[in-house]
């Protein structure tokens, strides 16, 4: 089991421990952490009695094992900032405060999707997918603020519109490169997985700049463009397509497991490991919640209807099992609570044009980007900060 | 029966014979009688006349009396009585089964027997009698005292005699001196009074014997006079159905019975001849007769006698004549009288045009009114009207107008179709005349009057590329072949082939290679169109080939294979209006030698080698292989603006500037299967969806109408066309609304471009 480095802070002087990173097993839970604190306190102060502690990890209560918690907020373990891709053929890295840190330029066409892969110390790995049918893997050193293209993943016959990173990226890197619209064969869409088998091999290859990689696996089955992909589990992935279906695939064998059929084009899909629901946004203004475990595959659990345009982005809150965020072509970002499905919690009407993407940060910030060339961040509290463009 | 008549004949003379002595005695008596008795007898006579039977009876009664009174005839009587007895004896003996007539036989026998008996005992007496008989009375005629015959005796009423005897002497009436008293006394005293009967012929009175009275009684009762006559004797049938051993007669058979009869032969030959000639028809068989009977049936058998017949039910009374008004009065109110001018005007009018057939006139009194000269004429006209004008009842059917509308499915059941506007593609500065979607559905191409061609990303409405082409773009078309990445743009007199550099790099590369690999042919013929390869600035913008036409190009359209391209240069009365280009060989040809009118637009058949050419009023379908016209569709509209061919190729829609949309079923007719008049203004563009059963029309009124149009594989089923949605969003600028419309290749999405410089996506 992997180890994690952790520091413990508290505002209560009575229970303060040394500001030193501790190496903690990833599988440890709240009780284990509490025992560690108690032992430290007892070592400093013999009269210390056993006390039950709660832990906030980056502002979020720890409720499960650390590994699970990290997994659910995988970005939090690797993300040093906010990464955006743009139609100006570049990707940018922003600090959470809204400062542009780095511009990643290299694509020959618009960047459609970006993702953090992992972070090793000061070095971060990030992926960008573009209309030019490639996915680039970049290495960014935050200290020197330099970015290097490491790999170029080819294999798509069309533009790459979505990508998703294996949640177990900390162990072995797996990048998924699905693409969106069709090119050659409209009847049979291709969805491809490129996965360097292990890190050493990848490292060898990273020595050559811009090494081209080919797909590890192609998931074929969609009859039209795939609009969104994600890893719903370590060995299961989920894709939403324009052919009105959401398909679940086995990552090991590449076989299709379940098909959820809707009536409209799916623009986006999101999975929450907390409530184990899929949320999909489609062109008919509705956000639909699905249970991916049902075999019949056409059961809609809930419909969230408030948008007046296509729902282009939907994202579950990483730390809250009922909250999700959606962006739409009607320029509005909405925060939903699935317990009140009639109306959204908040309408975040900051954008002046279409909203194309939304996301959450590990610290509870909500992000949205749109056609007005702006990236907005929102705090969960009603107050709102403009991150600038 | 002869025997009985013989008996009667016998009886009468006997009676006559027996009467004589008695009468003689009585006449003597009567002469002595009083005139009163005579009167009484006369009365009796009168009574007897009423009863003619009695007369006979009286004559018969004489027989009995003679038997009793006179012995002279006893022998005969005895024989008679004997015979009666013998009859009885014989009956007692009862000889049954005798085939001989009993009466005749018996009578014969009695005579014989009587003769035999007479021989034994009474021979002598009889012989004596016989002698006496001849002395006294020898014949029947002697019995007749009165020779007047059988006449009504009243003829002698006024005479003193009642006839003449054989000697011609008068027989005087008996002196009837019997008065009422005598008669009464006689009645009281004489016990035989009731059986005393006057004899008319002689006028004497006769007392009937018991036998005679008995006979009278029996006759009065309707019985036979002879007591011994059995009227119920069994009959003996001489000729019967029983075949007897012996013939009835012993006569030998005639010779003619063995010889064929000539008469019969003649008759038969006559019949045969008649049959041959058909004068006699053979008797028809039963079936034939039944068949003949079946040919006729009772027409009114099933009719209900109580039902009101149709002609009675439908009786329409003759229209009534208008009642005469004031103007027809002999003394009309002055306002009805026509003035001189009006009268002249009336007279000058044609009789058919006159309002009234009658000119109002005023008379001082009814007497002064002349006879109406047109009376007969008008009656005749009326009669003509009545019988020449057919009258019939107009059946007015109460139909709910909504029931007449065919039941169309509800638009809700015909999902999916575009309903709402989702995206607006802004960027152009001039009106956008034409749009086209890439075969993958990811990109959108638009050509505008601002001299640019723009490439858009469908999902994000982002303009990815703008190409300046230096002139108003009339038409753009994306190559339908997904393996070729090429776009045709009509600008002015040129058709540009652009490589959009979007999509798969490999495809782009192969397209570039295809274009550059062209080897110009060695011999160069006369070229209609100049093909030039773009270089430098143009090439960097994406322009690959430039096709310079002699005239302005209105429309470009690709064949579904993507190698052929057709361009339209509308110009009236020019044979060079449509050109077909082959991109791979860079060759152009003019398929039509003669002009058929102003060509509006052309289209390739999606599957077969047909070519559709829309002129102002009609659409011609040409077979490209046979090089002949196969069909001419009449679009019942004044000016066709646009045309689209169904992806299956059997249906065509045409939009026209007079607000109509015509759907043609090529299998059905050259006339439109359906005309849709939903638009308020000119229809500018029409489009079919490649896969969904949808079509749309764009109009200058700023709206796009989406219709559901299912085409069935079954040839017998006509297409189902249902208007499902009116999409609004474009603003009308300079009286131009939506100029072009097209569908997404895979989704039920609709793109429309308009004069307001926007493209809109409806989903």
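Every residue, even glycine, has its Cβ placed from backbone N, Cα and C.
Unlike curated records, TrEMBL annotations are generated automatically.
Feature list (source: TrEMBL):
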- B:20-41: compositional bias 'Basic and acidic residues' (COMPBIAS)
- B:42-51: compositional bias 'Acidic residues' (COMPBIAS)
- B:79-94: compositional bias 'Acidic residues' (COMPBIAS)
- B:116-137: compositional bias 'Basic and acidic residues' (COMPBIAS)
- B:1-144: region 'Disordered' (REGION)
- B:425-466: repeat 'WD' (REPEAT)
- B:676-706: repeat 'WD' (REPEAT)
*Going along the chain, which residues at least six beyond the ends of the repeat 'WD' (B:676-706) come within the CB cut-off of under 8 Å?*
416-418, 641-647, 653-663, 721, 723-728, 730-732, 735-743, 745-746, 748, 750, 752, 754, 762
*For the repeat 'WD' (B:676-706), what does DSSP give as the number of helix, strand and coil residues?*
0 helix, 17 strand, 14 coil
*What are the helix, strand and coil residue counts for the repeat 'WD' (B:425-466) according to DSSP?*
0 helix, 25 strand, 17 coil
*Averaged over the repeat 'WD' (B:676-706), what pLDDT does the prediction give?*
91
